[in-house]
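S.K.: Structure incoming, see below.
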Amino acid sequence: MRDRTHELRQGDNISDDEDEVRVALVVHSGAARLSSPDDEFFQKVQTIRQTMAKLESKVRELEKQQVTILATPLPEESMKQGLQNLREEIKQLGREVRAQLKAIEPQKEEADENYNSVNTRMKKTQHGVLSQQFVELINKCNSMQSEYREKNVERIRRQLKITNAGMVSDEELEQMLDSGQSEVFVSNILKDTQVTRQALNEISARHSEIQQLERSIRELHEIFTFLATEVEMQGEMINRIEKNILSSADYVERGQEHVKIALENQKKARKKKVMIAICVSVTVLILAVIIGITITVG
């Protein structure tokens, strides 16, 4: 899922409805608030953000542990178990976020009845933005694990080439990996190859890791597809809202510049008035003196 945040289209006309949403939406430090916020709704939004922050942290930790295990020829069982526990935590957090997003999703009846309500449209926007962020995070995790799987397969392939001069083709390797059972996988290798015990142990360990990975990827994919279609449908609306938010910031900045210019012009006008008043006063004084002298002489 591509990041839409940096692909805002230029030149779109901003409708009156979107102006209302733009005015109502204030983005600050990752939070969004209505001018008259629904406390319960935004408490749920805050909870979702916190859960997603935990999920993102776990995904980063998973990436680090995968790198460590890939660099270890024969990782200890505790390392593999720790990695699997981390995957389970990620799946659990993913399910929690999915349920939380479902809880704040505006019901169709409510959305239809209050379509013109800024509050309703604000909730739909919040749900859409959070859903998009969640899908992108899950997609990143899935891609990361798929890449990790390929690296494990490559390790097995290298071991087989070293011990068997490449007698096992890539197609045969994939078929053995798809057997679903480590015992079958190992026995298939032993039939036609002379593999050292250490190499066999590593191959078996990598195959077991691949099996766990594939289960995790399938389960995460189910979470991913749950929201992906909806996010794709809402993407256009989110793009417009984001564009309007950025436009609002631009409007504010330009407004501040205009105010500054107006204040400077006001100061200049005030100075001109003072100078004119002084000139008029001096002129009146001179005229008064001239008239006074004329009367005295006469």
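Every residue number used here counts from 1 along the chain in the order it is shown.
Note that Cβ sites are derived from N, Cα and C of the backbone, with glycine treated the same way.
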S.K.: To which residue among Ser78, Ser117, Ser179 does Swiss-Prot attach the annotation phosphoserine?
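M.R.: The phosphoserine feature in Swiss-Prot corresponds to Ser117.
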S.K.: Using Cβ atoms only, which residues of the same chain lie under 8 Å from Ile290 (site 'Required for neurite tip localization') while being at least 6 residues apart in sequence?
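M.R.: Expected: none.
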S.K.: Among all the protein chains here, how many other CB atoms are within 10 A of the CB of Ser117 (phosphoserine)?
M.R.: 13
S.K.: Taking the Cβ of Ser208 (phosphoserine) as the centre, count every other Cβ atom within 10 Å, in any protein chain shown.
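M.R.: Within a 10 Å radius of the Cβ of Ser208 (phosphoserine) lie 14 other Cβ atoms.
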S.K.: What three-state secondary structure does DSSP assign to Ser117 (phosphoserine)?
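M.R.: It is coil.
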